[in-house]
Structure formats: C-alpha cells, structure tokens
Amino acid sequence: MATVLGTQAPAPSAPALPRVAPGALVWLAVAGFASIALQRISFTIGGGQISAASLVLLLTWVVLLAVFRWPVSAGGLVGYFLILAIAATTAVLNAGSDPSLPISVPSLLLIVTAYLPLLLVVRPSGVEGAGRVYARGLLWAVRIGAALALVQAVLMWSGLGFWDPFASLPDAIVASNFNSAYDTTYVASNFGFETKPNGVIFLEPSFVSLWCCFGLVLEAYRWHERRSTGGAGLGRLVWVLVLAAAVAVSISASGFVVLGVAALPLLWRYRDRPLVILGAAVVIAGAFASGFLGPITAKLLEGTSGDTSTNLRLVAPYQLLAPLTADSPLWGHGPGTADRLAGQFGLSGLQTTTIVKAALEYGWPFVVALLGVALLRAFVGGPRCLGLTLAALGVWLIPSEALLGAPVLALVLFLAPNVAAAGRARRAGLTDQTVL
C-alpha cells in the first residue's frame with residue numbers, strides 16, 4: 001500500500017449512508033401508539049372502510065421517506081414490487097370472470113399501502129433505536145387498553161353493565177364487520193360477565209388477549225435488556241400484572257398462541273429464567289386461588305369443533321375455506337373475494353386467516369412470494385430478538401385476519417427487524433444495503 005512520508009495511507013472506506021433526522025423517532029412513537037389506540041375509528045373511502053390506524057401508518061411511512069429522508073432498501077423495493085405485481089396480475093385475470101365475486105379495488109389498494117414498510121432500510125444511521133421507540137408507543141396503548149378492560153370488568157361485577165363509549169359514536173366513523181362486543185352465552189365459565197370486555201380501543205374482545213400477550217412479550221424483552229429498580233421496577237411489574245389480568249378477563253385464547261411461539265426462544269436467551277418461571281408460578285397460583293384458573297383452562301381446552309371461537313379462528317378456516325383454493329390455485333378469485341366466499345357458510349365469526357385469505361384472493365404463488373419476502377424481512381432482527389419476531393409472526397399468521405392489517409404488518413415488517421441494537425445485523429454479515 002502506498003505511503004506518504006513513511007506513514008501508511010488510510011484504507012478507503014465505503015460511503016456512509018445518509019443520516020435520518022432524529023425527529024423521526026418522535027413520529028414513530030406516536031405512530032406506534034396510534035396503531036393500537038385508533039383501531040376502532042374508521043372512514044369510508046371508495047366504497048370500503050379504512051381504519052384511522054392504517055391511515056396514520058400510511059402517513060408515517062410516506063413522511064419517513066419524503067420528509068425525514070429515510071433511505072430506501074433495494075431488496076425491500078424488489079420484494080414490494082414482486083408482491084404488487086402478482087396481486088395486480090391476479091386482479092386483472094379475475095376481473096369480470098365471476099359476477100358473483102366482483103374484485104375489490106379498495107382491497108387491492110390496501111396491499112399497496114400496508115406493505116410500504118418494506119421500502120425502509122433497516123436501522124439506518126441516526127435512528128438505530130427506531131423499532132424500540134415504535135414498540136414503546138405501541139406498548140403504552142396496549143397498557144391503556146388493558147387497564148380499560150379491567151375497568152369494564154369491575155363495572156360489570158358491580159352490576160353497572162357493559163361500558164363502551166364507542167357505542168355512542170356515529171356508525172360512519174366506527175369500524176364495522178367486527179364483533180366489538182358480544183355476550184358470553186357460549187362460554188361455560190364466564191367470570192359472571194354478560195359481555196366480554198373489549199378494552200374499549202380494541203376491535204373485538206379477542207384482541208384484548210392478542211395484544212396484551214404481545215405486550216407481555218415486549219415487557220419481557222425490555223426487562224431483559226434493561227433492569228429497572230426502585231419505583232421504576234415496581235411500576236413495570238404493576239403493568240405486567242395489569243396485562244396478565246386483562247388476558248384473563250378477555251376470556252379468549254388468541255393471545256396464548258403468541259405467548260406459545262415466543263416462550264421458548266425468550267426463555268432460552270433470558271438471563272433471569274428462574275425469576276421468570278417463579279413469576280409465572282406465582283401468577284398461576286394467584287389465578288387458582290382467585291378462581292380464575294378454571295375458566296382460563298376451560299377456554300384453552302374448549303375444543304376445536306362446533307361454534308367455539310377457537311374452532312372458528314384456528315381450524316374452520318382451513319377445513320372449510322382452504323379446499324376452495326383448489327378452484328383457482330394459481331391466481332385465486334380476486335381481491336376482496338375471501339369474505340364473500342366465507343359468507344356462504346353462514347357461520348358468524350368465521351375467520352379468513354392471513355394465509356387462507358391470500359390463497360383465496362391471489363393464489364398460492366402469491367402466498368409463496370409473500371411469505372418469502374416477509375420472513376426475510378422479519379428475521380433481520382437476529383437471534384437475540386427471535387422470540388419477539390416469532391410473536392409478531394404469530395399475530396400475523398395464526399389467530400388474526402391480517403393480510404391487509406397495517407398495524408399487524410408493522411410488527412412484522414418494521415418493529416421486529418428494527419428492534420435489535422444497532423450493528424448486530426452488520427456483525428452477522430447482513431448490512432443495511434443487503435437486507436430486506
């Protein structure tokens with residue numbers, strides 16, 4: 001190597017990526033909070049509904065790219081346009097093919113908007129903590145929803161009935177097609193409730209369980225990364241108990257799927273395994289002593305047949321709807337047709353889960369492309385965040401109908417890959433330029 005005056009010349013370095021303005025972090029914290037808190041506010045656009053949470057997230061991705069100059073990921077751009085190309089092609093092939101199954105343009109547009117996080121480079125310079133900031137905003141909204149679910153439970157135990165302020169809002173601005181409040185007549189053990197608590201801000205009671213369990217996973221990772229003592233530690237412990245209690249009164253097993261897929265990787269890497277196991281034992285003992293354990297266990301074991309919510313969410317979509325994909329396996333039936341196909345069975349609460357909905361509407365090649373792109377993106381977070389990544393994927397793929405759900409997709413495509421500390425992906429050989 002050439003020298004100057006006997007001094008070795010410095011090796012040329014790769015050009016630095018542009019720094020993102022730190023103000024983007026404030027925007028992301030608000031977006032994380034709004035993605036949960038505004039789920040039930042909805043607006044009619046182009047004959048379809050779009051939630052305020054989805055609009056906030058769409059605005060967030062656009063602002064990050066256009067205002068804060070967030071770098072564009074080349075790999076993410078390829079994955080994004082691959083998904084759009086297949087979706088648009090299947091829409092064209094199905095246009096007018098079956099008058100009873102008209103394609104939905106709003107549904108196709110939601111594909112365009114909901115997968116925008118793919119365009120964002122992972123952990124760019126200046127905002128390496130972006131995923132954690134987004135998670136913090138989301139966690140505060142989940143905590144508030146959990147506290148409101150407990151308030152609803154206390155009011156019903158007091159004989160004051162079910163309280164839901166959204167019931168007094170105009171129908172035009174409240175999300176429809178969700179069982180936001182329903183009775184507990186089908187539940188053998190219902191804690192004395194006539195109506196299942198929905199935490200006010202959640203789309204339906206099962207989402208109390210789903211999001212609060214995801215909140216528990218976030219709390220576990222926060223505790224692992226940074227120990228809190230004194231008042232701060234006590235406050236975090238109180239919030240963990242609030243989340244756990246909300247899961248109990250939700251009378252729903254949806255969240256246990258999330259905890260199940262996250263538990264083993266989380267415990268494997270967690271330095272306080274004995275403390276976690278002891279804490280879980282204390283919670284179980286408390287549930288048993290208070291009479292909550294029996295109803296929770298009964299809900300988990302309610303069965304996978306008949307009109308149980310477990311069957312309608314986790315089994316029936318594959319038993320009833322998956323065979324319909326054989327009619328058009330390559331390009332599906334077109335955007336927005338899955339709900340109409342599910343409606344022919346006349347089962348209230350039947351879910352069109354993410355994979356089934358994607359296959360019914362866009363075909364199996366789309367499913368393969370979608371899973372490939374999403375998994376490559378999600379696992380950029382690395383092994384330290386494996387449990388959190390699996391929890392996010394669990395929310396997306398298993399108990400919820402989230403092919404077009406922007407708040408859920410934000411977990412998989414933004415939170416999970418960006419939550420790892422800066423530099424870990426680089427040390428693993430995955431740079432911001434190469435990862436999705």
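Here the Cβ of each residue, glycine as well, is placed from N, Cα and C on the backbone.
Annotation comment: TrEMBL describes 20-38, 50-71, 77-96, 108-126, 138-160, 199-218, 238-268, 275-296, 362-380, 392-416 as transmembrane segment.
Against the transmembrane segment (362-380), stretch 392-416 shows more Cβ pairs under 8 Å than any other of 20-38, 50-71, 199-218, 238-268, 392-416.
Residues 17-18, 20-21, 23-24, 27-28, 30-31, 34-43, 106, 110, 113-114, 116-117, 119-121, 124, 127, 175, 405-407, 410, 432 of the same chain sit 6 or more residues outside the transmembrane segment (50-71) yet have a Cβ under 8 Å from a Cβ within it. When each of 108-126, 138-160, 238-268 is scored by its Cβ pairs under 8 Å to the transmembrane segment (20-38), the top-ranked stretch turns out to be 138-160.
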